[in-house]
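Here's the structure we're looking at; comments come further down.
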Amino acid sequence: MAKPKSQYRCVECGYRAPKSLGRCPGCGAWGSFLEERSDGGGSEAAPPAGVLPLAEVDAEALPRYSSGSEEVDRVLGGGFVPGAALLIGGEPGVGKSTLLLQVADRVLKSGKRVVYVAGEESPQQVKLRAERLGVSPRLELMRDTRLDAVLAGLDAHAPDLVVVDSIQTLESEGVPGSLVAVRNATQALVRWAKASGGTLVLVGHVTKEGTVAGPKVIEHVVDATLYLETAGVFRVLRSAKNRFGPVGEVGVFRMEHAGLVEVANPSEAFLAERPLGVPGSTVGLALYGERVIALEVQALAAKSPYAAPKRVAQGLDPRRVDVVLAVLERRLGLKLGHLDVYVNLAGGLRVSDPGLDLAVALAVYSAVMGRPVHPQTAAVGEVGLAGEVRSVTLLEARLREGRRAGFERVLGPGALPTVEQAVREALA
Ligand code: TYD
Ligand code: MG
């Protein structure tokens with residue numbers, strides 16, 4: 001029999017070459033070639049796969065355990081799933097290691113076995129930080145970054161949860177951080193998780209574009225991808241992909257001396273510094289992930305030195321803000337032609353939600369007129385081109401959150417069908 005021939009394939013774009021190349025001519029990735037044998041390797045004699053009627057699948061049976069953090073559990077969709085793999089991405093310094101040490105500690109204290117693979121920092125550095133965070137000294141650290149050694153160690157220790165901080169530090173075939181090494185490590189660790197029933201958490205660095213650095217294959221093989229991001233003084237954990245829970249769900253934290261602290265009531269936290277009785281400030285009820293939070297919308301209008309006045313929107317969709325400004329001008333006769341207009345979502349969050357339109361309209365109107373919006377008023381609704389206030393998704397939940405957060409009046413679609421009526425109601 002002829003010796004099977006080797007071929008090489010780029011793990012990023014699939015480009016094939018007769019030998020391994022330093023840089024892929026197809027997509028420009030470095031160190032991305034992997035050997036592939038042309039005999040198809042072991043496709044014969046696989047036992048026939050069985051089938052299972054859907055009715056016999058017990059969806060309730062997904063066993064989960066708590067991460068010990070309500071916010072993390074919410075983003076995960078109810079806690080960690082045994083055998084599942086998840087990826088946490090975020091910029092350096094955002095708090096990934098801090099959050100995971102805190103989670104590791106709580107899972108450990110619930111009686112489970114946890115291994116923390118510390119590839120980024122020395123055991124001394126990890127210990128110093130762990131002491132500051134009050135992490136149990138029983139937490140088991142693994143310092144080795146050779147993939148084979150890590151896998152053998154995991155087999156020996158059989159943890160319920162393993163945190164790999166970070167996936168870019170693991171070495172396979174002698175090189176850490178290359179596309180092939182990251183891909184090999186991810187695939188091997190995910191296989192370990194599936195086979196052992198342990199939960200795998202991979203920490204990943206992000207690129208300048210904000211996505212996890214490394215081969216696309218990482219995001220394909222993990223069950224969930226979460227991002228930890230900065231929003232003003234807060235840290236926001238967000239699910240970008242989740243096979244076991246909602247996508248887009250968010251958890252809110254604050255970085256303090258003793259680590260990340262959960263912000264159980266984001267509405268109050270985001271409204272804490274709201275000035276009362278000042279023109280140009282009002283509260284909108286926005287959809288943030290799967291929940292509603294009350295956020296302050298601020299506007300400032302100033303005489304423009306330019307022929308074409310400036311329109312600046314921070315944290316909000318600038319196209320929506322433009323539509324609202326046009327409606328105020330054309331339908332309510334508000335004169336904006338000579339004014340620079342700045343609109344800002346306080347607290348540093350970025351929210352793209354048409355439900356904030358009415359709050360933007362009220363804030364701008366209030367700023368231009370120099371009259372404050374009644375402080376006990378919150379607003380919700382999309383602004384239509386005819387100047388009407390339109391309904392938005394989860395209107396009931398938004399009205400409920402408005403009342404819960406203590407607002408006496410929530411202006412919205414239904415009772416106040418036009419922006420003009422809402423404005424008249426809102427200005428104190
Ligand atoms: P870190 O978890 O190391 O970030 P990452 O792993 O995402 O790179 O967090 C680093 C920052 O957090 C660092 O600037 C110090 C700060 N920090 C606190 O403010 N309080 C704390 O208790 C800890 C542990 C860190
Ligand atoms: Mg870190």
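Placed from the backbone N, Cα and C atoms, the Cβ positions cover glycine too.
Given the ranges 171-175, 196-200, 241-245, 371-375, the record in TrEMBL names 241-245 as motif 'RadA KNRFG motif'. Within the chain carrying the motif 'RadA KNRFG motif' (241-245), a Cβ under 8 angstroms from the stretch's Cβ atoms is held by residues 62, 75-78, 81, 84, 219, 222-225, all 6 or more beyond its ends. Those residues of the chain, other than GLY90, GLU91, PRO92, GLY93, VAL94, GLY95, LYS96, SER97, with a C-beta within 8 angstroms of the mean position of the ATP site C-beta atoms are THR98, LEU228. With helix defined as DSSP H, G or I and strand as E or B, the domain 'RecA family profile 1' (61-206) counts 65 helix, 34 strand, 47 coil. There are 20 other CB atoms within 10 A of the CB of VAL94 (ATP binding site), with all protein chains counted.
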